[in-house]
Amino acid sequence: MTEDQPAGTEGGSDRRDVVVPLRVYKAVTVFSTLFAVLSVVAGFILVDVATQRASAPASEIDVPVGIAGIACILAGTVVYAFSTRFRTEEMGKSKDDAT
Amino acid sequence: MSLERKDEHDHKGWMESRELTPIESVYLTVLVWLDRRLRVVDYLEILEDLYYKVNMQMPKSHTEQYNLDNKFWYWYPLYALGSFSTVAYIVAAISGALLGFYYAPAAAAADGSPTVAYDSVMLIMGQLNLGYFLRSVHRWAAQIMVAAVFLHMLRVYFTGSYKEPRELNWLIGIVLISLTLVFGYTGYLLPWSQLSFWAGQIGVEMSLSIPLIGEWVAQLMFGGFTLSQATLQRMYILHVFFLPFITTAIIAVHIGIVWMQGIAEPH
Ligand code: HEM
């Protein structure tokens, strides 16, 4: 998205904001939190399995599973961070809404 | 008439009216797709509605009337510490009762070889299925209970909840924290390990240092001036018989009084 065309979005800072209807905002919050929690937990379980609960010697670490675990944790984090750009009318920067 | 619920929003419509990056529109499309099928949000909205409706049935509390919550809300999680102490106590009671099936309070074998009590603890740790776990649960519950009770006391102090008409419950609380500590001390002696033994020795000497009644106290609590079978047996009966009955009863009274008087409100 180009920063010079902030239709339905907030320019100003480099932080992108997308204003959505309340119902969509709720769906975003609920489902992205759910997804983030599940994938972070799943990621830790995978890392645990790969390293035999951090007790495996370096040579016996299951590298693909370990990387999959870290990827899961990162994916959860990214989704959660991404979800924070959505907001509804009158939320957050109230000054900017009152144009 | 269709039974299908009408969506308040024409998702396709407004999404096209916004300038979204490709990632954003895919993201929103996926979430809206999930939302249409799983309806988690609807159930959460029902709960939210329920919460407000139940709350509207209640009279306004002092806190709400004078709008104190905006300054006070961050204390509220600490109001869970009393219940947290109770939970820790119950966990310790259950795990302790199970440990009781395997522990024997005998200080026999004074010839330098390990005692029956110590051996039974070693059996729990080494041989018994889930024994290590069981003893760990019991020790952690005990540690956590002491910490939670102490923090609960700080909570009561710093919110001023000990003030009239709750002085009695403060005094009962002092009895409860003392009982909690005695629970810890008597339990610490039960494995009859080196740590236990010398902690017991310290206890005897502290008792003896009390003016006038010191010797009498040492006799009563420890069954003599040197540690023996009598000491271990007294600690055992205190730990698994006396203290549980007394503490359970006093906790019940303590919580009963809170129930009767209501929780103290901030001023
Ligand atoms: C075995 C230890 C204890 C248990 C299980 C226990 C449990 C509880 C519970 C469940 C409450 C209800 C409110 C809350 O949870 O904060 C409470 C309130 C109270 N406790 Fe304890 N307590 C213990 C020790 C103490 C101690 C050591 C003191 C202070 C010396 C104390 C003084 C009070 C007072 C004054 C209240 C009334 C507070 C209010 O109305 O806001 N308690 N206790």
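Cβ from N, Cα, C; glycine included.
Per TrEMBL, domain 'Cytochrome b/b6 N-terminal region profile' is recorded for B:30-267. For B:78-104, B:140-158, B:170-188, B:208-228, B:240-260, the entry in TrEMBL reads transmembrane segment.
Between the transmembrane segment (B:240-260) and the transmembrane segment (B:170-188), the number of CB pairs under 8 angstroms, six or more residues apart, is three or more, so the stretches are in contact. Over the domain 'Cytochrome b/b6 N-terminal region profile' (B:30-267), the average per-residue pLDDT in this prediction is 93.
Counting only same-chain residues 6+ beyond the ends of the transmembrane segment (B:170-188), those with a CB under 8 A from a CB of the stretch are 142, 145-146, 149-150, 153, 156, 162, 195-196, 199, 203, 235-236, 238-239, 243, 246-247, 250-251, 253-254, 257.
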